[in-house]
Amino acid sequence: MQLARGTVGGRGCALFPLLSILVVQGARIVLSLEISADAHVRGYVGEKIKLKCTFKSSSDVTDKLTIDWTYRPPSSSRTESIFHYQSFQYPTTAGTFRDRISWAGNVYKGDASISISNPTLKDNGTFSCAVKNPPDVYHNIPLTELTVTERGFGTMLSSVALLSILVFVPSAVVVILLLVRMGRKATGVQKRSRSGYKKSSIEVSDDTDQEDSNDCMTRLCVRCAECLDSDYEEEAY
């Protein structure tokens, strides 16, 4: 009898490590869903804000996957459901976020992000993103602290300055290059005139053609004037 008890006790001791390994592996399988989100997000009144949330699951995405976003105002323990997803998007139709929450993710890429349109100062608070993808249902729930502020004069000024740099600097560079080129050309002409530079046959021909053209224009103007005078005299008689 004592020998039998010792044998059973030995088997129990031998099975304990095996059971421990199975429990640990099972826990790893259940807890393999990981969710990540920005801890702090800053936005401006009236400008759309994106709240990013990504997840990694060991299981394939199916129609059983669910996503839930909640909101908690500052200095409050009350939470408000603002978005639900299961094969389709279901943004809230009540409360302060009514008609302002839109889907900005892709579950097949592990993206569970949403966007807030026309944010106000009243939207400040804490947002949470919860994802369940059976059998992966246990996971961490990351929190995102949203801070909405008015755009200050400094921010607007920086935007104007950036626009000025992008528009006016290239134009200024082009103008400077043209002025430098014109200056070099004028300097070259002065040096040639001082050193007794003689024009080539092509340059002389161009000047001659220009003079002939000017003479022709002068003659044409004189001829037109004579015709007008003759017509005037005939009408007088």
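The backbone N, Cα and C atoms fix where each Cβ goes, glycine too.
Swiss-Prot lists 33-159 with the feature topological domain 'Extracellular', giving sequence analysis as the kind of evidence.
The domain 'Ig-like V-type' feature in Swiss-Prot is assigned to 33-149.
Annotation note: Cys53 (disulfide bond) sits in a strand segment as assigned by DSSP. Neighbour density for Cys53 (disulfide bond): within 10 A of its CB lie 25 other CB atoms from the protein chains shown. What Swiss-Prot lists as disulfide bond is Cys53-Cys129, and the listing cites sequence analysis.
Here Asn124 (N-linked glycosylation site) comes close to Pro73, Pro74, Leu146, Thr147, Val148: these same-chain residues lie at least six apart in sequence, with C-beta atoms under 8 angstroms from its C-beta. For the recorded site, Asn124 (N-linked glycosylation site), the DSSP three-state label reads coil. Per Swiss-Prot, the feature N-linked glycosylation site maps to Asn124; the stated evidence is sequence analysis.
The annotation transmembrane segment is assigned in Swiss-Prot to 160-180.
Non-local contacts of Cys129 (disulfide bond) by the CB criterion (under 8 A, 6+ apart in sequence, same chain) comprise Ile35, Ala37, Leu51, Cys53, Ile67, Asp68, Trp69, Ala112, Ile141, Pro142, Thr144. Secondary structure of the domain 'Ig-like V-type' (33-149) per DSSP (helix as H, G, I; strand as E, B; remaining residues coil): 6 helix, 57 strand, 54 coil.
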